[in-house]
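Residues or ranges marked as domain 'PAS' in TrEMBL: 134-204. According to TrEMBL, the feature region 'Disordered' maps to 279-304. Residues or ranges marked as compositional bias 'Polar residues' by TrEMBL: 283-294. What TrEMBL records for 401-740 is domain 'PDEase'. Per TrEMBL, the feature AMP binding site maps to His477, Asn478, Ser479, Thr480, His481, Asp518, Asp646, Gln698. The annotation Zn(2+) 2 binding site is assigned in TrEMBL to Asp518.
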Amino acid sequence: QVLLVFAEEDEQSNGFRWACDKAGFRCNIARTPQSALECFLDKHHDIIIIDHRHSRYFDAEALCRSIRTTKASENTVIICVVQRHTDREESSILPLISAGFTRRYVENSSRMACYNELIQLEFGQVQAQFKLRACNSLFTALEKSQEAIEITSEDHVIQYVNPAFETMMGYQIGELIEKELTEVPINEKKADFLDTINSCIKIGKEWQGMYYAKKKNGDSIQQNVKILPVIGQGGKIRHYVSISRLCNDNNKVEKTCECIQAESQTDTQTCRHKDMRKGSLDVRSTTSRGSDGISQRRRSSMARVHSMTIEAPITKVINIINAAQESSPLPVAEALDRALEILRTTELYSPQLGTKDEDPHTSDLVGGLMTDGLRRLSGNEYILSAKQTHQVAGSLSSPISLNDIPPRITQAMENEEQWDFDIFELEAATHKRPLVYLGLKIFARFGICEFLNCSESTLRSWLQVIEANYHSSNSYHNSTHSADVLHATAYFLSKERVKQTLDPIDEVAALIAATVHDVDHPGRTNSFLCNAGSELAILYNDTAVLESHHAALAFQLTTRDGKCNIFKNMERNEYRTLRQVIIDMVLATEMTKHFEHVNKFVNSINKPLAALEENGNNGDGESIKTVLRSPENRILIKRMLIKCADISNPCRPREQCIEWAGRISEEYFAQTDEERRQGLPVVMPVFDRNTCSIPKSQLSFIDYFIIDMFDAWDAFADLPNLMEHLNNNIKYWKGLDGRNLRVLRPPP
């Protein structure tokens with residue numbers, strides 16, 4: 001907003017008025033000092049332009065001083081319009097500055113000159129004032145913070161402390177400002193302790209650790225301190241921010257009372273968040289200990305390693321076995337040696353296959369689904385997605401409302417709450433757009449719009465954008481697969497044991513994760529993308545390439561347009577929690593960690609629940625609740641849920657199982673064809689369309705991936721109908737394989 005203070009209308013005032021209109025600024029005009037002051041106090045303008053050319057009308061400097069006496073003018077830019085003098089020496093600007101003007105404008109009634117002046121003010125002084133105005137909010141937050149906060153200059157001169165800091169240290173308001181840190185009473189600071197801290201913060205890294213300081217009255221207090229360097233002008237450190245909390249007896253990290261113990265603790269805490277290379281072994285302190293040469297230093301180093309308190313569970317297991325070996329007879333010790341050898345391998349959860357000749361179908365499936373490809377340098381590159389354009393809300397037609405769904409589609413979704421629901425009938429009825437319609441119905445059933453506080457139209461737009469970014473050209477990984485996984489997820493969420501375990505936010509996350517879990521899938525495996533050197537593989541470092549892409553793109557598509565942003569009305573912390581769960585569930589569909597997820601589920605959930613039942617505690621609700629509701633176990637349950645939903649095809653009714661088998665086989669055939677065309681490693685050679693036995697490949701997949709996982713999931717969620725379908729489908733594929741048939745169905 002702009003206030004023009006001109007006693008009379010002239011070319012100059014008209015020029016500024018035109019400039020305000022062109023710039024889109026709201027403009028008021030005052031003719032007298034009194035009306036100007038009243039107008040400003042009412043509107044609180046960002047810019048005031050006062051005519052200083054004709055002193056016979058009013059005293060411009062006096063008016064400026066009057067405005068500056070008001071609190072509202074603290075962030076206001078005030079401009080003084082002065083006469084252009086060509087016949088005398090330039091006058092000083094100091095009187096204008098003293099009166100409170102921000103700058104002067106030498107009269108120039110050119111409209112563009114006035115416009116340019118306003119634009120320069122907007123992007124210069126006005127924008128700076130906006131930032132200063134925001135600082136009031138920040139300082140209010142600091143003043144009310146319960147953490148003790150101290151801000152010092154680059155020279156360690158105290159520039160700000162909040163009330164919590166003054167109270168903790170026993171000082172009066174303002175007593176610490178402008179003092180150097182060395183003037184503040186502290187404990188006996190050890191030189192190497194200070195050097196440790198300074199060496200960290202002076203290179204721009206934060207330090208965190210235990211710190212002992214003395215209050216004004218001399219009492220010593222222990223603080224948990226975090227010191228953060230703040231980069232400012234010239235890219236240099238201009239301030240240090242210290243955040244402190246008092247340590248009480250219950251939360252002392254090492255139960256220490258002496259400063260020297262805090263110092264030794266600092267060895268492992270220094271720069272830990274950004275420089276882990278220095279975290280485990282301090283070269284200076286190791287080499288300086290002892291004077292007996294290398295052997296003494298080695299003993300010292302090993303002693304420090306053995307005294308480390310941060311121990312992984314596997315390390316504890318190995319230590320227990322090592323201790324047991326010392327008092328064991330030779331055969332037992334040798335057996336424990338073999339156990340240790342196994343435990344020290346990296347692949348603890350993946351079963352080891354026999355030779356490739358024993359089961360080429362299983363071996364190829366494992367190679368294609370559970371590895372990141374054979375690395376090879378090649379001129380052939382498979383370009384995917386990094387620069388690909390994706391469908392957005394604005395480029396799509398408006399979807400239909402849930403209340404206006406055509407009768408054929410409504411009929412196709414009648415039994416969507418049942419496991420035997422036919423997704424292919426819905427695919428046909430919707431012309432390969434089942435995700436929007438099924439999504440609308442399932443999300444309405446679970447009250448997703450109410451949880452997210454979004455409208456049905458926003459949800460419809462979101463579902464349409466997500467479906468548009470599935471590739472209908474893929475035979476398997478298309479929106480029908482997404483709708484099928486969404487249906488399975490909703491079915492699992494309705495099971496009693498699952499409902500006891502998960503919260504509403506978990507249900508919402510699961511349904512969203514199922515919807516987006518394969519968005520923009522190219523119809524090729526991770527191994528293919530890594531071998532082809534695709535842009536996505538390079539972007540995600542050959543690790544969980546597609547799953548990382550699905551999760552990232554889902555949030556990009558959702559948040560880039562308010563029309564389809566189903567998260568836009570969520571509270572920030574709740575959104576971050578929901579986002580974290582969605583990402584974790586999408587990443588869980590990656591097959592390289594399949595056995596890790598399944599084994600953790602069995603050992604952490606199935607076995608404890610079975611033990612409770614065997615001990616007659618089946619009715620002990622509290623014991624069962626403890627197993628089900630722990631945060632770690634809920635994560636495992638959500639991962640298992642989406643994994644089972646993602647590859648549940650062998651547990652579907654026979655005709656659906658056969659159709660899905662045909663579709664995934666065709667996608668693998670197409671990949672093998674392309675690998676051979678491009679001269680890439682063929683990661684699943686058995687999927688040659690001319691020689692592949694689909695029944696054998698299905699039996700291998702079921703035997704290796706499905707049976708154990710669904711046995712565990714059935715034991716948890718009680719799914720007898722799924723297990724019956726699975727057994728029937730195994731018999732069907734075995735029947736075809738027994739007749740040496742390689743096709744989906746027997747001949748007529």
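Cβ atoms are placed via backbone N, Cα and C, with glycine included.
Of all Cβ atoms in the shown protein chains, 24 besides its own fall within 10 Å of the Cβ of Asp518 (AMP binding site). Its Cβ taken as reference, Thr480 (AMP binding site) is surrounded by 28 other Cβ atoms within 10 Å in the chains shown.
Across the residues the record lists as binding AMP (His477, Asn478, Ser479, Thr480, His481, Asp518, Asp646, Gln698), the two Cα atoms farthest apart are 22 Å from each other.
The sparsest Cβ neighbourhood within 10 Å, among the listed binding-site residues (Asn478, Ser479, Gln698), is found at Asn478.
Under 8 Å, Cβ to Cβ, and six or more positions away along its own chain, His477 (AMP binding site) finds Tyr470, His471, Asp518, His521, Gly523, Glu667. A simple way to gauge crowding: the CB of Asp646 (AMP binding site) has 23 other CB atoms within 10 angstroms, across all the protein chains here. Neighbour count (other Cβ atoms within 10 Å of the Cβ, all protein chains): 24 for His481 (AMP binding site). The domain 'PAS' (134-204) scores a mean pLDDT of 76 in the predicted structure.
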